[in-house]
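A quick write-up on the structure given underneath.
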């Protein structure tokens, strides 16, 4: 490949499955299919139960619905390319299609982070100001929060595809994953990517980073409130309402932070580790969140059992 300083943009990228295990892709696809199926059925079940159960029409479950819709979006973004590689070895993805997939994956990730923050705020109000909770988080307020979350994600990430399109790319077009990820694409460029790195870091820190900090602060305030409660039973009851949310936060943020660190600083990390962390980040939370909430939320569990009995 000779560029002579001229602008070059590839027509397509080549996606990677699991490095070193290409011969086993058909077998590896079985657990992936199971996880995708659990994620699709589980999140659809959560949405169906919340819609049909009048007693669940309250802020906590509205936010849970937003989380379920976001998880469904993440699953539908990565499922075609991942299973396409595992089943048919379809590695090629057009340049613009790759940027589109990347944009929606990042938007949905940022939305999930913001929804988890909104759920933390809901738990703080419910525990610290239980009598004012219905008046603070009305249905209209929840809708406004949801629209603000979507708008923030769309606007903050809108420049990313254009920043990638302006770059000149070298002969190498092989991505590290079976989906398109911003750091992965920009590292294939043979131009100066300082603007991309700087903007990516600013957006990540000002959205997901701030969300995580405010979630931690919310739980510090929740713990302070819980400690001031009169009896041990009241403390345990209050904390029990937060367990499922804490699990969802850990399942989402730990792999996301790990993947971001690997792409920016882990040049010597084995490709297999990078791939497994990426799949953990994008597939495990959508599959586990419905299970976590079905097990820990007695209201969801009872509504599910009532629905199954009717069937």
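A Cβ is built for glycine as well, from the same backbone N, Cα and C atoms used for every other residue.
Unlike curated entries, TrEMBL annotations are predicted automatically.
These numbers come from a predicted model, not from an experiment.
If you look up TrEMBL, you'll see 42-293 marked as domain 'G-protein coupled receptors family 1 profile'. Per TrEMBL, transmembrane segment is recorded for 24-50, 62-88, 100-121, 142-164, 197-222, 243-264, 276-295.
Only pairs six or more apart in sequence are counted, and the transmembrane segment (142-164) with the transmembrane segment (62-88) gives three or more Cβ pairs under 8 Å, enough to call it a contact. With respect to Cβ pairs under 8 Å, the transmembrane segment (24-50) is most closely packed against 62-88, considering the stretches 62-88, 100-121, 197-222, 243-264, 276-295. Cβ atoms under 8 Å from those of the transmembrane segment (62-88) belong to residues 15-17, 25-26, 28-29, 32-33, 36, 39-40, 43-44, 46-47, 50-51, 101, 104-105, 108-109, 111-112, 115-116, 118-119, 122, 139, 142, 146, 149, 178-179, 248, 282-283, 285-286, 289-290, 293 of the same chain, restricted to positions at least 6 beyond its ends.
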